[in-house]
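TrEMBL lists 41-61, 98-115, 127-146, 177-194, 200-223, 288-307, 360-379 with the feature transmembrane segment.
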Amino acid sequence: MAAGLRKRGRSGSAAQAAGLCKQWLQRAWQERRLLLREPRYTLLVAACLCLAEVGITFWVIHRVAYTEIDWKAYMAQVEGVINGTYDYTQLQGDTGPLVYPAGFVYIFMGLYYATGRGTDIRMAQNIFAVLYLATLLLVFLIYHQTCKVPPFVFFFMCCASYRVHSIFVLRLFNDPVAMVLLFLSINLLLAQRWGWGCCFFSLAVSVKMNVLLFAPGLLFLLLTQFGFCGALPKLGICAGLQVVLGLPFLLENPIGYLSRSFDLGRQFLFRWTVNWRFLPEALFLHRAFHLALLAAHLTLLLLFALCRWHRTGESIMSLLRDPSKRKVPPQPLTPNQIVSTLFTSNFIGICFSRSLHYQFYVWYFHTLPYLLWATPARWLTHLLRLLVLGLIELSWNTYPSTSCSSAALHVCHAVILLQLWLGLQPFPKSSQHSKKAH
């Protein structure tokens with residue numbers, strides 16, 4: 001009898017869930033005109049697009065030829081570690097030395113064994129296809145929580161980008177691996193799991209150093225949420241994980257490991273640049289140009305931190321205090337504050353990068369809809385925003401890059417930066433004074 005009651009209970013709950021789902025779909029059909037414009041329908045549109053992406057990705061793998069670029073080099077570098085070489089200066093591949101941190105080695109070591117020592121390319125493509133779908137899922141969860149971007153934009157983020165599909169399943173670069181870990185980290189931060197979020201952020205950094213472009217934003221969020229003393233344990237997680245992952249290589253040759261895996265002065269080849277093709281090669285390679293870009297990067301980060309991210313009316317130094325001891329009572333960070341700060345931090349870094357190669361597109365591709373639609377701007381209509389997205393996609397699909405494609409990319413970046421600066425209004429001083437008077 002008890003078993004019968006349990007079965008009835010289960011069937012009843014299943015029927016109730018099916019009824020709610022049916023009711024939701026009926027409501028969505030009735031409001032189908034709003035389906036592509038209202039962010040509350042993000043998950044429904046995302047589910048449809050993910051299903052479409054399964055078919056598109058399968059078609060791409062089986063119909064478009066795979067292009068070998070770095071996969072064999074990755075496998076050769078990993079094989080060197082498997083054979084007992086822990087000195088980073090001795091690890092080489094077909095395209096050069098190993099220049100990625102230890103997390104890359106461990107993850108691609110797993111891929112090495114899963115693909116028959118790197119020989120089963122089709123298996124590797126299938127794994128990266130799953131990775132691509134996981135990335136989409138994590139990105140859609142972020143957009144669902146921010147509730148800012150109209151769902152029709154997601155079509156251009158998914159099905160319309162040839163370059164991104166190519167980076168994931170036709171080139172097998174390590175950039176997508178780093179980005180899926182980064183988006184998982186952001187989801188954990190949105191769930192207020194700051195320790196785990198920092199852990200996966202550090203894991204993403206250990207795959208490829210470009211994730212450090214998000215670090216200024218993450219530091220600002222940690223100081224806002226916890227103050228200096230409270231942020232130290234979270235920063236300790238980030239640093240500690242890097243030490244643990246790199247320990248075998250640090251014990252063998254610490255200078256070699258740090259200089260290779262975190263080489264901030266690495267020189268890029270002019271032939272592969274997407275963003276600076278209109279410059280003379282001598283200027284592109286000049287040290288003064290690199291320092292000017294770094295100065296501009298740091299200056300703009302500081303301006304955004306002072307005038308746009310920090311909006312309580314207190315001094316920026318108040319972030320170092322314990323939140324309970326600040327003059328303005330601390331407010332919980334909203335999803336949009338977290339996402340806007342992280343995405344903007346990364347985007348500023350990309351705007352002033354010394355060089356962008358084709359696979360670097362995934363560093364910010366999935367953040368572009370948020371950067372364009374999250375802040376209100378009457379002068380930037382839906383059509384103009386789509387035009388910016390289209391020009392960016394065209395610039396990244398122009399091979400080899402031209403002076404026009406590079407210039408167009410910078411113009412689009414400037415439009416987005418202007419939108420971000422004008423869209424986020426600073427804290428009004430008058431309200432601060434009125435609070436003090438009150």
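Cβ atoms here come from the backbone N, Cα and C positions, even for glycine.
Counting Cβ pairs closer than 8 Å and at least 6 residues apart in sequence, the transmembrane segment (98-115) and the transmembrane segment (288-307) reach fewer than three and form no contact. Contact counts against the transmembrane segment (127-146), taken as Cβ pairs under 8 Å, peak for 41-61 among the stretches 41-61, 200-223, 288-307, 360-379. For the transmembrane segment (360-379), the list of distant contacts is 135, 139, 142-143, 146, 148-150, 153-154, 156-157, 161, 163-164, 167-168, 175-176, 179, 183, 210, 213, 274, 336, 339-340, 343-344, 346-347, 350, 353, 385, 388-389, 392, 396, 416, 419-420, 422-424: same-chain residues at least six beyond its ends, Cβ to Cβ under 8 Å.
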